[in-house]
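Questions regarding the structure given below will be posed in turn.
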Amino acid sequence: MMQDLRLILIVVGAIAIIALLLHGLWTSRKERSSLFRDRPVKRTKQERVETPIESLDEGVGEVRVRTSHPQEKPSFNHLDDDDDEVPVIQHAETKSAQVKTASRQAPFASVQTDYDDPLLGGLSAEQPPHDLSRDPLLGKADESYSQPQHAEPPHVEKPAHQVAPQQHVESQQEPVAPAPEAKPQKLKETVLVLHVAAHHGGVIGGEVLLQSVLQSGFQFGEMGIFHRHLSPAGSGPVLFSLANMVKPGSFDPDTMSDFSTPGVSMFMMVPSYGDANQNFKLMLQSAQRIADDVGGVVLDDERRMMTPQKLESYKARIREVLDANTIA
């Protein structure tokens, strides 16, 4: 866009200059034609000057030299230095001849100027060339042409002044933009599992199991399994849960009297609500109570007999998760 605007200004300026030059040349032609019309007055003055010169020529006699080419400049190199009157007479005679020749060619010059090239307009030897720089019209043309040049930079720089505030506004708005929030680091979790199984490949009756589970503070709830809440009445967050050892792991309290299973599984998430160590201790006590009620045994997550070493392993896992989440 800026290049197109600059090109348009240059073309308009060039057209204005050419128009002003043509107008100035046309004005100078009119002035030359008016000068040619005034030539008869000059001829009358020159004829008056020729009269005393001719009388002087008659007094000199044969020493006078006339030239047949009035347009050529006289040469004084071949004249005798002792004769003082000859250069004066010869110069006067040559000047009179040039005046006569110019007066004869004046009508033709005035006619030819109408057909001559306006840039090469023929000028006589005595007429000084017209100074275009002194023409008042061309002086105005220079001023008018200089104005677009001074006016051009604002047009070119105007978009820059319009863009600058936008850049300044953007730079001010950048700090306001909300920084992307760092995603919180996911807490480390683990699942602790205990099993209550029947002895020697036996099964646990559903009715006995249901009574023991309810007496241990479990409530039937989501996913068709039993949950131990913070309150034995079933209120508060879930501390741990109990599911069937056989898939899909759910129960149906209405058909528990006709139900039997080789065992149940108890599990809790770490971290959990409250103290994880106390919640695990409560889950271990509930498992031991149910095992005593149904005549089963408590097994670890690998379905092996619970040992003191395995209990320490559970406690170590709880401490590891809690410490990792505390550092994070």
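Just so you know, glycine gets a Cβ as well, placed from its N, Cα and C.
Per Swiss-Prot, topological domain 'Periplasmic' is recorded for 1-6. For 7-27, the entry in Swiss-Prot reads transmembrane segment. As annotated by Swiss-Prot, topological domain 'Cytoplasmic' applies to 28-328, with the evidence given as sequence analysis. If you look up Swiss-Prot, you'll see 61-72 marked as compositional bias 'Basic and acidic residues'. Taken from Swiss-Prot, the feature region 'Disordered' covers 61-183. Among the features that Swiss-Prot reports, compositional bias 'Polar residues' is placed at 95-104, 164-174.
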By DSSP assignment, list the helix, strand and coil residue numbers for the topological domain 'Periplasmic' (1-6), in that order.
5 helix, 0 strand, 1 coil
On the 0 to 100 scale, where does the mean pLDDT of the topological domain 'Cytoplasmic' (28-328) fall?
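Taking every residue in the topological domain 'Cytoplasmic' (28-328) and averaging pLDDT yields 69.
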